[in-house]
């Protein structure tokens, strides 16, 4: 198959087919190069476009470099033209080609300006680019001469002419008043036209007298020039009288505008008084919001011009002397845009070609056609060739043009002539078909022109009948085939350029049957099943299996499905969503079969819905709900659960009826607490199990009622003198049964008949104190506590006996003495009180260092039957003051003057060092350096050796010790040595770990010693061999 140029281009560059670019670059006042790129890769056009780099956009141009190139290596020749005349590169040293690029050195403003086009050639044909305009932006200087002064009367209007020098490119104008940088400020009296460059003053005032200079800037080159100054002076022969407006600046009668452009109309008038400028549309339609008025309405700006903006526009200048009007029309124009194009076409010789292209635009575009860059005579936008010849092949372009633009579209016409060719479209070498079906054999050679077709089976031509048909396109159809139709089939194709053939063999097979397919089943959620799919088939066929579930193919690797090689489908851990239609599909070379089964999955019920509370009392609530899906198994009964702010999670509740059957959708919840906010939910149950709960009902509060719960754990006692303290366990909020909940406290002295009642409205109260000076200390009282709320009074608690507050003991313990036991302990002794009218619960020992250190105060309490205590945790070698007093629930009694005791010096802070040991059998010998106490420390009186293997300790006055180690389950004996002194025990030595030894003869031992210096500690073991021992560490 031949490949068209556009197919090659699309393969190389995607969807872009023909393109053309032009770029300009510059380094000095003018650009040094202009680059035209001629590249046939933009299907819609072959388009040279001008691109200026930043430097070039800021300057004019005197020299340039034009670059044009084709995008494919198959294009080897390019021709450039300027203003319709071919450029002779052999006679022009400034212009040269480089790979299709036209490079122009030393740009000349007069020789190089104009329209450029590129024609590119390859083996297929030629294509012509769109025209690209090369222009030079410049701005000449004003002529140097003295401008005449302008003399006017005050109140007269005046126009100062700019006299713009020759130029190219957009210009902007401003006027300097007297000297730079003071520019004329435009207002309703002064206006600078960007169309003429002139300065208009509608009414001259004395402040306008001065020199005016016209400043012009080229928007492309950024070049700026200024005129000679023009003097404006006032005449002395009088003041100008008032006169009607005279419009000096207006717009053309007809203004063409492109879609999307910004249109600017100017209008300014002279007059006395200063005229007011207004705008309106001829049709009276108001201006849209996008329209802007500038410079006191002297400029009308219409951005994004659209078809709706066309029509007549009027500028009205008016003062009290009269008015004047300027009118004009805005006309919409559009460049051509393609709405129908042709495409690359490959046709056989002698076939008919019909190409049509259409474009819109305003005015309506005209059409021309190009073949290989040359114009051909064609009517309108239709190219038609009735009988193609090889000479018609080539590159064609449709050109649509109006006065505002021109567009090109290109396509390749390939005329084909070749003998029949079956390459890529041969008959299958072996075609299998099921007996009784229809077989279609296609004969589609590639041939130009179309070939005639002949079919043979073996060596015999095939003739059509009621079972065998032959289509005009060469397709052979065999209906209701049988084994006798099997054999070799050949298609012969011939045209005037040659002949070719293709052969294939037909094999007719027996039908395939499903002998065991899936059957409809019911199954419980979580179970697993196998759906069978077994077949018998012709041995020559390849058989494959696939399964579909509810119309979706089951893919291998699904967590629940397993497709087995034999065709069966296993479904593991079935869920409710697995219910539906399962189809086993059996595919062979010649047919496709299927078997269907419906699987019903039973599960626990879906949640009931719409749980509502219809009626509420103080202890009941009427519920109603709608059923959920039963999921294949009928609902047998419903369960109701509730939740309150006082419960942990959901709780089962009692209902009437007690058992709610599956057909009942209402129930009454009973045994509820009054004045509690409840939420309810319902669960359904069937033969499979209990389903998920329903959505939670709206929170509902039960009605209030008289309290039915009394406070618990009523008691009391203690407090201050003349007080009766009564305590109780508050009633929980969920049992208060209503608002305004409180307690009624009732009490009476022992032996009295009448009760004293007191109420408290605090629902969380748990204590009441009754004060009366007549209450004797530690007197018995009967008390009870009841409840009430806004509905009434509730029950009282059982009566209990409590005692009023007692007073502090009045007696003082005598015979107080103390001694220092160690650096941190003092033993205190006293005599028990022999008699006191008050109750004594015990004794309190207070101690402190001195009155200036209250933070050192400490207290120790002991029972009434104890007359001594050891105070510990004290500072060493420090004086302490101590007192002893009796106490009860009312507090502590008086005490004798404080005594003082000084604790002993603390034990030495240095532990025993350089410990050595010898172990022979179970006998452990220890040695260490004696510790010498410092002056601030207690003298060493001995050493205490302790071991983890025994609870006993060894006290010695020497720096040696002997221990007998018993058998122990632990692997190690841990030995510690501490100093013994009057101040107590000193810090222990570092632990000594002695490993148990496995021995056979008591003839060897292990010797070790520990050396400690600073922060470095070394434990050294010495092996002593006697007979056979093992020493481990």
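Each Cβ is built from the backbone N, Cα and C atoms, and glycine gets one as well.
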Inset, instruction - If TrEMBL is the reference, give me the range from 664-692, 693-721, 722-750, 751-779 marked as region 'Disordered'. - result: 693-721
Inset, instruction - Quick one: average pLDDT across the domain 'Ig-like' (336-414), no decimals. - result: 91
Inset, instruction - Report the DSSP secondary-structure composition of the domain 'Ig-like' (511-594) as helix, strand and coil residue counts. - result: 3 helix, 39 strand, 42 coil
Inset, instruction - Provide the three-state DSSP residue tally for the region 'Disordered' (693-721): helix first, then strand, then coil. - result: 0 helix, 7 strand, 22 coil
Legend entry - Secondary structure content, the domain 'Ig-like' (420-509) (per DSSP, counts of residues): 3 helix, 48 strand, 39 coil
